[in-house]
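Asks: The structure's right below; bear with me while I get my questions together.
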Amino acid sequence: MSGRTKQAIPSTPRVISPSPTPSEQDGTDQDGYSGPMTRSAARRRLATPLPVEEDIEEDESPELSRARTRSRSPMDTRKVAQLSPRKTSRMASSALKPIAATAATTTAIATPNGSTGEKAPEINGHLSPPTPSLYYGWSWRDFSRSPSPLGLIPIHRHWRTFVHKHEVPRKALHVSIGFFVVWLYLSGTQTYSVCPYLMGALIPIAAVDVVRHHYQPFNRFYVKVLGALMRESEFSGYNGVIFYLLGAWTALYFFPKDVGVMATLLLSWCDTAASTFGRLYGRYTPRLRRGKSLAGSSAAFLVGVGTAVYFWGWLAPTKGPFPGDENFMFTGTLRLPQLLADAVGLAPAKATISGGLALGVMSLWSGFVAAASEVVDLFGWDDNLTIPVLSGLGIWGFLKVFG
């Protein structure tokens, strides 16, 4: 022991906190003495918010810690899930998957022992086409138009408005087929002589479409060359040209000459009008079904009426007759069936209409069947097939009854 004597420890001075302590909130100090206070000071003291009680103890939750330098809120130390890397277009095209379709978030889950587990990545599906079937791309339910994404065909990314949004090259080809049919009619070509050429084009095009779904390098070359005429939904699905040729062949092969020509013209012009005006004004009109609006159907109806007036009212009477026109189902007159005329008590002369009135009725019916066949969903088939078949059936049945 040294000879030094212990010095008395000085008393710790009281440090006044800048924020009021609980004792100051009560208006008393440690000695229980409350000094005089004005009413304004009392109001300011009452207006001071009470301190926030923090019940979380660091020792009870080892996973939680406090960052005192930044915040008094508890912070979770669990790992934050990272986004999976975005695939490039080269990887996506080689794997037959769209760009960013497989960009999925991986959710981390804390297990009871503190480790983290991961769920299987979930594909968001924004750019992914329907799941391919076992052999040939989509299933038969996916033949119809599906939402066309952006990113599968290179030219669609470079010409978003001209090619992807408005589909100008595709619609130009669509409309030109109608004018080609008019030229064939004016040249005196018979419908039955056109069918072998349609089938001769259909078989190799369908075969090439099957091959490209089995050989991806060829598929990439195919969409690079013909991508401007395709929808991106056709990247892993069947080309719409197949159904266009099949629908035109069916209409020209099975129906009389005028009905087959009218069905093909309705396919070429009414479908294009419905798509164009539906994209422009469909958002302002009621929706009839998925992808079909009142604006598009109204455009198909008006164009169908105009097409019937053009063909039966001007083209055939003024430029014809041509070989085969004697087999026309519509000859300018419409009449009620004898059974129906007798039921309503009409004489045969009064049950028959002709001239402009008959042409007007026939044109209205043609516009109606064009709009109906464009909006109907028949087993999910492509409308390039359903429009000429259903339009031909509607016109043929109407003329069978009233022609």
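These residue numbers are counts, starting from 1, taken along the chain as shown.
The backbone N, Cα and C atoms fix where each Cβ goes, and this holds for glycine too.
Any TrEMBL annotation is an automated prediction that lacks curation.
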Asks: Taking 92-111, 172-191 as the choices, which stretch does TrEMBL tie to transmembrane segment?
Replies: 172-191
Asks: Could you check which of 261-282, 349-370 is flagged in TrEMBL as transmembrane segment?
Replies: 261-282
Asks: Which residues of the chain, 6 or more past the ends of the transmembrane segment (294-315), have a CB below 8 A from one of its CBs?
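Replies: For the transmembrane segment (294-315), the far contacts come to 182, 185-186, 258, 261-262, 265-266, 269-271, 273-282, 284-288, 330, 332, 359, 362-364, 366-371, 374-375.
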